[in-house]
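Data first, discussion second: the structure below is written as structure tokens.
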Amino acid sequence: MARENSTFNSDFILLGIFNHSPTHTFLFFLVLAIFSVAFMGNSVMVLLIYLDTQLHTPMYLLLSQLSLMDLMLICTTVPKMAFNYLSGSKSISMAGCATQIFFYTSLLGSECFLLAVMAYDRYTAICHPLRYTNLMSPKICGLMTAFSWILGSTDGIIDVVATFSFSYCGSREIAHFFCDFPSLLILSCSDTSIFEKILFICCIVMIVFPVAIIIASYARVILAVIHMGSGEGRRKAFTTCSSHLLVVGMYYGAALFMYIRPTSDRSPTQDKMVSVFYTILTPMLNPLIYSLRNKEVTRAFMKILGKGKSGE
């Protein structure tokens with residue numbers, strides 16, 4: 001029984017990204033610092049938008065959902081990586097691996113669709129200001145947000161079910177710092193070619209389709225801004241949209257590089273570096289990009305901070 005299916009009878013081994021050399025120890029604590037900033041930044045963003053009623057608009061409600069997704073994303077991977085590094089243990093249970101794959105894939109997919117919804121929100125606000133309250137009513141905004149979560153979760157379920165239906169009869173060492181389904185496919189001794197084609201189609205739906213919506217929305221936005229008579233209105237529109245476009249560029253650039261490539265072209269080192277970028281760095285940068293360039297968020301933060309000081 002050389003090819004006996006050992007999928008469910010032992011743990012996987014996460015090789016991680018750091019060893020215990022002085023340089024890697026420094027990098028490990030740097031990642032923890034970035035994680036702390038990302039955790040605090042996204043938590044503050046969610047709380048600000050929840051507490052300040054003036055921020056209860058479609059744009060900020062969508063932004064709070066993006067921050068919530070980023071918060072969950074970093075908590076899916078970094079704590080386990082830190083525990084393994086500090087404890088010296090590299091194992092992860094089958095249930096733990098499945099949980100990481102589900103949440104990681106679901107959150108990435110949900111963010112893809114949510115970024116498209118955010119682009120549509122900016123399009124309606126700038127190109128159809130008189131109809132904005134109808135086109136982006138609380139009900140419609142809530143439905144599109146829920147749709148983003150559902151589509152992302154569906155992809156996560158598909159990946160978990162498909163990945164753990166394969167046989168893993170050889171090495172169980174995952175060349176990554178968390179369970180990612182492309183890394184598991186490399187270890188499988190089953191024929192994964194059909195699933196890789198399905199995975200490619202899912203990536204097209206999750207990445208290319210939302211990108212097409214974003215490009216179409218911002219093409220119309222740019223044309224509308226160019227024809228604006230007010231210089232102040234043009235500046236405000238570009239400031240609002242540039243923050244979102246910067247986040248979109250960082251997120252989709254890394255995602256396209258990571259998941260559109262064939263398995264045969266993958267390098268474990270490249271995958272680790274890219275994963276660190278959009279699972280830790282991007283969630284840290286998102287709240288900074290939106291808050292530093294947004295007077296309403298800054299005002300809400302100072303308002304809450306002022307209440308805290310006055311209550312002391």
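Every residue gets a Cβ built from N, Cα and C, even glycine.
What Swiss-Prot says about this protein:
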type	residues	note
TOPO_DOM	1-25	topological domain 'Extracellular'
CARBOHYD	ASN5	N-linked glycosylation site
TRANSMEM	26-49	transmembrane segment
TOPO_DOM	50-57	topological domain 'Cytoplasmic'
TRANSMEM	58-79	transmembrane segment
TOPO_DOM	80-100	topological domain 'Extracellular'
TRANSMEM	101-120	transmembrane segment
TOPO_DOM	121-139	topological domain 'Cytoplasmic'
TRANSMEM	140-158	transmembrane segment
TOPO_DOM	159-195	topological domain 'Extracellular'
TRANSMEM	196-219	transmembrane segment
TOPO_DOM	220-236	topological domain 'Cytoplasmic'
TRANSMEM	237-259	transmembrane segment
TOPO_DOM	260-272	topological domain 'Extracellular'
TRANSMEM	273-292	transmembrane segment
TOPO_DOM	293-312	topological domain 'Cytoplasmic'
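By the count of Cβ pairs under 8 Å, the stretch nearest in packing to the transmembrane segment (273-292) among 58-79, 101-120, 196-219 is 58-79. Packing against the transmembrane segment (101-120) from elsewhere in the chain are residues 59, 62-63, 65-66, 69-70, 72-73, 76-77, 144-145, 147-149, 151-157, 159-160, 163, 178-181, 184, 206-207, 209-211, 213-214, 217-218, 244, 247-248, 251-252, 255, 279: each is 6 or more residues past its ends and has a CB under 8 Å from a CB in it. Secondary structure of the topological domain 'Extracellular' (159-195) per DSSP (helix as H, G, I; strand as E, B; remaining residues coil): 15 helix, 2 strand, 20 coil. Long-range Cβ contacts of the topological domain 'Extracellular' (80-100) within its own chain (Cβ-Cβ under 8 Å, at least 6 residues beyond either end) map to 7-8, 11-18, 28, 31-32, 35, 160, 164, 174, 177-180, 184. For the topological domain 'Cytoplasmic' (121-139), residue counts in helix, strand and coil come to 16 helix, 0 strand, 3 coil, using DSSP.
Shown for the topological domain 'Extracellular' (80-100): DSSP residue counts in helix, strand and coil, namely 15 helix, 2 strand, 4 coil.
Residue counts for the topological domain 'Cytoplasmic' (50-57) by DSSP state, with H, G and I taken as helix and E and B as strand, are 5 helix, 0 strand, 3 coil.
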